[in-house]
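Student: Sending over a structure as structure tokens; questions will come in a sec.
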Amino acid sequence: MSLAWSAGRAWSRQSYAAPPAAAKTPPSELEARIAAIPIERYRNFCIVAHIDHGKSTLSDRLLEYTGTISASDANKQILDKLDVERERGITVKAQTCTMIHNHEGEDYLLHLVDTPGHVDFRAEVTRSYASCGGALLLVDATQGIQAQTVSNFHLAFAQDLALVPVVNKIDMPAADIPRVLEQMQNSFELDPKDAIMLSAKTGKGVPNVLPAVIERIPHPVGDEKKPLKMLLVDSWYDNFRGVVLLVRLFDGTIKTGDNVISLGTGMKYTVGQVGIQYPHATPTKVLRAGQVGYVYFNPGMKKIQDAKLGDTFTFVGAEDNVEPCPGFEEPKPMVFVAAFPTDQSDYSRLADSINQLVLNDRSVTLQKDFSEALGSGWRLGFLGSLHCSVFQDRLRQEHGKSVILTEPTVPSKIIWPDGSEEVVQNPALFPDVSHPRIRGAQLFEPFVTATITMPEEYLGRVIELCEANRGEQKSLEFFHTTQVILQYEIPAAQLVDDLFGKLKSATKGYATLDYEDSGWRQSHLVKLQLLVNRQPVDAICRVVHSSQVDRLGRQWVTKFKEHVDRQHFEVVIQATAGNRIVARETIKPFRKDVLAKLHAADVSRRRKLLEKQKEGRKRLRASFMSR
């Protein structure tokens with residue numbers, strides 16, 4: 001991931017009085033102001049919401065209001081630093097920024113985290129909470145509470161964060177503020193009187209946000225005199241500095257030249273530079289307890305794998321006196337795809353490009369793969385379908401590489417008769433029914449708990465869709481007279497099969513979806529394969545539930561037939577599950593009349609020409625299958 005701390009797109013509106021920011025604060029003056037602020041006047045907070053509710057826009061307004069950035073055409077979505085984030089209008093990577101705000105004559109040091117809204121990037125949100133004491137719970141006045149609003153609330157509540165409810169987009173004609181306030185009270189037990197009404201687009205109501213943050217969110221707790229206790233919250237790779245760490249200090253101070261040790265790996269480092277994001281990387285002489293900033297080492301940390309998120313750092317020699325911070329749960333890939341270069345001669349260059357992206361996205365798993373049809377490639381694991389799509393876009397934009405991606409699949413688990421377990425990520429490696437040990441084995445597939453919100457009028461259609469996708473209803477709740485929250489347990493395989501797109505179609509775009517892993521369930525799984533003239537095509541293979549075999553098999557052969565040209569010999573396309581052929585399509589050959597010029601009585605010549613044509617078709621068929 002390229003985190004070169006570059007600015008975002010433009011914003012030309014300024015409908016409120018923000019402090020002048022034309023002249024950038026000199027580094028020495030900035031450090032002096034920060035040094036004069038005690039930890040009691042620190043506030044660390046994040047903005048959480050459903051996707052497209054206005055988190056990044058509100059972040060821009062707060063940065064402008066505090067004078068951290070100027071209200072110019074160059075500063076829209078300034079915390080969205082990836083091209084794909086600006087193009088899609090979504091936040092993929094949680095970004096941080098430090099602000100200084102004068103409230104009632106006193107300076108406050110505010111640390112803001114802009115978090116992703118999409119469920120695929122929930123791990124980014126969870127890590128952000130570790131560096132915060134509170135959160136702005138943002139809700140779109142036109143949409144109301146949606147699936148990821150509910151999920152983010154429960155995550156924040158579990159972390160015991162102080163919540164400040166904020167209603168955004170109040171300037172929109174479709175805004176229904178009383179409905180949103182009622183939803184907040186009924187679903188989250190948040191007092192409507194505490195909600196802040198604003199429009200992040202125009203700036204209306206934005207000046208009320210920071211006083212509420214200062215008054216309602218507690219300051220961090222820490223002691224500068226204690227030994228260093230530093231939590232690793234995030235990391236990224238820089239070509240010149242090596243691995244750069246985003247850290248939160250609980251105790252002590254850290255400065256350039258300090259010798260630190262990782263309690264997780266035992267490796268020792270010398271600090272090369274410390275600083276804050278203001279909003280870009282701004283070096284400082286020291287980071288103190290309660291602050292969030294960046295650190296890199298000299299010589300630099302070379303491997304991103306050495307930066308274990310949730311790790312604790314302290315001074316060399318103080319290891320026995322510091323209790324490690326609770327670590328983070330590493331996100332597990334839920335979607336796997338095989339990736340191949342469009343031209344095998346580009347394999348080495350594409351490998352370098354993929355490795356560079358994986359350096360900065362630790363949630364992507366990578367291992368080499370090979371296909372008889374497509375050649376050498378990789379098997380990539382992603383957190384979800386959007387994560388996969390974003391990775392492909394970044395590969396194209398940042399490295400100019402195109403790649404062939406197979407259909408997304410989910411892993412399956414096998415418990416063999418002897419009790420040993422095996423997780424199969426590549427469907428081609430899933431054992432067939434002819435495998436000697438498969439009869440006594442137990443097969444499992446991953447399930448997710450899906451939370452769906454929608455208007456009441458679409459409830460019947462959504463239930464029908466979930467049941468058709470092998471879902472089991474867990475709860476049904478009306479959190480408003482016209483809004484429903486529906487909870488289903490659904491196989492992860494059905495989720496990646498464009499369930500969200502089907503939900504949008506069934507509800508005319510009004511449904512929202514959030515999900516979380518709910519573990520493995522025993523299931524009747526079979527391997528569905530595509531054969532062309534009895535030869536398996538390994539790139540087209542999937543592990544599916546037995547109830548889906550016939551439908552998918554017919555879809556495969558029908559679709560594959562459309563992409564195969566007619567030949568001089570018969571092409572037979574079959575979908576098989578175990579020993580059973582579930583669907584078949586035949587492409588008839590071109591026919592050349594080799595007997596047209598023969599006399600009717602020339603039987604031997606007739607037989608000879610027919611045999612020659614038959615042999616020729618065999619050679620063509622063999623040549624076709626070897627391509």
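Along the chain as shown, the residues are counted starting at 1.
Backbone N, Cα and C define each Cβ position, glycine as well.
So Swiss-Prot lists the following for this protein:
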type: TRANSIT; residues: 1-16; note: transit peptide
type: DOMAIN; residues: 40-221; note: domain 'tr-type G'
type: BINDING; residues: 49-56, 114-118, 168-171; note: GTP binding site
Student: Here the binding-site residues are A49, I170; which one has the lowest number of other Cβ atoms no more than 10 Å from its Cβ?
Tutor: I170
Student: Three-state secondary structure of K55 (GTP binding site) from DSSP?
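Tutor: Where K55 (GTP binding site) sits, the three-state DSSP reduction gives helix.
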Student: Can you work out the mean pLDDT of the predicted model over the domain 'tr-type G' (40-221)?
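Tutor: Overall, the domain 'tr-type G' (40-221) comes to a mean pLDDT of 81.
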Student: Let me check the 10 A CB neighbour count of D52 (GTP binding site). How many other CB atoms are there?
Tutor: 15
Student: Under a three-state reading of DSSP, tell me whether I170 (GTP binding site) is helix, strand or coil.
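Tutor: Reduced to three states, the DSSP call for I170 (GTP binding site) is coil.
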Student: Which secondary structure state does DSSP assign to T115 (GTP binding site), in the simple three-class scheme?
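Tutor: Assignment for T115 (GTP binding site) reads coil.
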Student: Just to be sure I understand the packing, how many Cβ atoms besides its own are within 10 Å of the Cβ of T115 (GTP binding site)?
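Tutor: That number is 27.
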Student: When you measure from the Cβ of K55 (GTP binding site), how many other Cβ atoms are you left with inside 10 Å?
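Tutor: Around the Cβ of K55 (GTP binding site), 27 other Cβ atoms lie within 10 Å.
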Student: Going by DSSP, is A49 (GTP binding site) part of a helix, a strand, or coil?
Tutor: coil
